[in-house]
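Enquirer: Feature table excerpt (TrEMBL):
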ACT_SITE  ASP151  active site, proton donor/acceptor
BINDING   ASN10, GLU387  Mg(2+) binding site
BINDING   LYS17, HIS211, LEU212, GLY213, ASN214, GLY215, ASP285, MET286, ARG287, GLY333, VAL334, GLY335, GLU336, ASN337  ATP binding site
BINDING   ARG94  substrate binding site
REGION    40-60  region 'Disordered'
SITE      HIS183  site 'Transition state stabilizer'
SITE      ARG244  site 'Transition state stabilizer'
Amino acid sequence: MTATRVLVLNSGSSSVKYQLLDMRDSSRLANGLVERIGEQSSRLKHTPLATGGESRERTGPIADHDAALKAVAEELAKDGLGLDSPELAAIGHRVVHGGKHFTQPTVIDGAVLAEIERLIPVAPLHNPANLTGIRTATALRPDLPQVAVFDTAFHTTMPEAAARYAIDVETADAHRVRRYGFHGTSHAYVSRATAKLLGKAPEEVNVIVLHLGNGASASAVEKGRCVDTSMGLTPLEGLVMGTRSGDTDPAVIFHLARVGEMSIDEIDTLLNKKSGLVGLCGDNDMREIRRRIDEGDERAKLAFDIYIHRLKKYIGAYYAVLGHVDAVAFTAGVGENAAPVREAAMAGLGSLGLAVDDGLNAVRGDEPRLISPAGARVAVAVVPTDEELEIATQTYALVKR
Ligand code: AMP
């Protein structure tokens, strides 16, 4: 029997998201989520997509990632999709930080594990959880290829001029301070899907990808290769996000420490968790922000305006970086669903060839679609991202025989 299934695991510090796919036709067999791992109120939600069955939920303590993955394996086994199946070809792991070293998806061995571990200082929140997921899955199926797919890999093609900060080179290199970029799996998938929508090969087009979710990042993709992206050493840099500030003057940190008497950890929490849309208006959900704006809420309006202003600055910057732009693609929760964000981001950019057609922009859908007027110089598109499919595709390409 040919093994054609891939299990995709996205392990966070207290959660595991998973999806099982059959790579013969990229169909989804099951997906689910374990959250609040380590608490009394852990929850597992499992949806058996292959059989079209109802979602099942379990609540009650799940002590650690090991217990979580075992619970997932039990749920999959109930649907005849157990992890012991000979049809399972590999497990693909989302790994947030691959540094400069990992430019491609990689079959995990001891050396790869050690390198992911070495990167913990630049990804203290993410890489430890990713490592736990890998170790747990390996213990469950030691015979199976485990593949790491890195969020940073797509951005390793950035030229030094884009990747380096203008700080002392020796200090930067000693501490591996440079721009790595994140959401790479999404930027890779969406830039390729955008080329396909235009009927072109990825090597034939230049695309600005706007991944606007709770985390948000932009990238400039030239002929299929990333040449700049808005996130940096960590996901804090760049666009205004749900809870992250994005760009600020770095001296804000010195000022808050010296004058505000805040500790480094307090400032870290402020900028990563209490800033962005939530810091500006108390809400990070774009639906709620739009509802408040419709009711005349000034704070919500200001938060929206700051969000759009920053977005426009990046669109302009990447237009200049690329020189010629074939398409701007909106993706992720906000990008795919919030027509007012797309409209506001493109407003006034007609001289760059950018515009949206109001009728097309209002249409909802799950498929990639154009929202620019017929005959527009630059295509504007909504392209739903699919990071799980991209991880599964990259994983399978490495292991299939
Ligand atoms: P993501 O991180 O890609 O899952 O995106 C999550 C974010 O997408 C949420 O915080 C919302 O701000 C936004 N979002 C999701 N659905 C909608 C919608 N229907 N309209 C506007 N924004 C949405």
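Placed from the backbone N, Cα and C atoms, the Cβ positions cover glycine too.
Because TrEMBL annotations are produced automatically, they should be read as predictions rather than curated entries.
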Enquirer: Would you kindly list the residues that approach the region 'Disordered' (40-60) from elsewhere in its chain, counting only those six or more residues past its ends and only Cβ-Cβ distances under 8 Å?
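Expert: Same-chain contacts beyond the flanks: 27-34, 68, 71-72, 75-76, 78-79, 81.
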Enquirer: Roughly how many Å separate the Cα of LYS17 (ATP binding site) from that of the residue listed as 'substrate binding site', to the nearest whole number?
Expert: 10
Enquirer: Within a 10 Å radius of its Cβ, which of these binding-site residues (ASN10, ASN214) has the fewest neighbouring Cβ atoms?
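Expert: Per-residue Cβ counts within 10 Å for the binding-site residues ASN10, ASN214 bottom out at ASN214.
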Enquirer: Can you tell me which recorded positions out of ASP151, ARG287, GLU336 are within 10 A of HIS183 (site 'Transition state stabilizer') by Cα, answering none if there aren't any?
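Expert: Passing the 10 Å Cα cut: ASP151.
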Enquirer: Please list the DSSP helix, strand and coil residue counts for the region 'Disordered' (40-60).
Expert: 0 helix, 9 strand, 12 coil
Enquirer: Work through the recorded positions one by one (ASN10, ARG94, ASP151, ARG244, GLU387) and name whichever has its CA nearest to the CA of ASP285 (ATP binding site).
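Expert: Given the candidates ASN10, ARG94, ASP151, ARG244, GLU387, the nearest one is ARG244.
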Enquirer: For LYS17 (ATP binding site), name the DSSP secondary structure in the helix/strand/coil scheme.
Expert: strand
Enquirer: Just to verify: the residue among ARG94, HIS183 with the fewest other Cβ atoms within 10 Å, which of the recorded positions is it?
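Expert: Lowest Cβ count within 10 Å among the recorded positions (ARG94, HIS183) is ARG94.
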Enquirer: Rounded to a whole angstrom, what is the largest C-alpha distance between any two of the residues LYS17, HIS211, LEU212, GLY213, ASN214, GLY215, ASP285, MET286, ARG287, GLY333, VAL334, GLY335, GLU336, ASN337 that the record assigns to ATP?
Expert: 24
Enquirer: Anything from the recorded positions ASN10, ASP151, ASP285, GLU336 with its Cβ under 6 A from ligand 1? List those in sequence order.
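Expert: ASP285, in sequence order.
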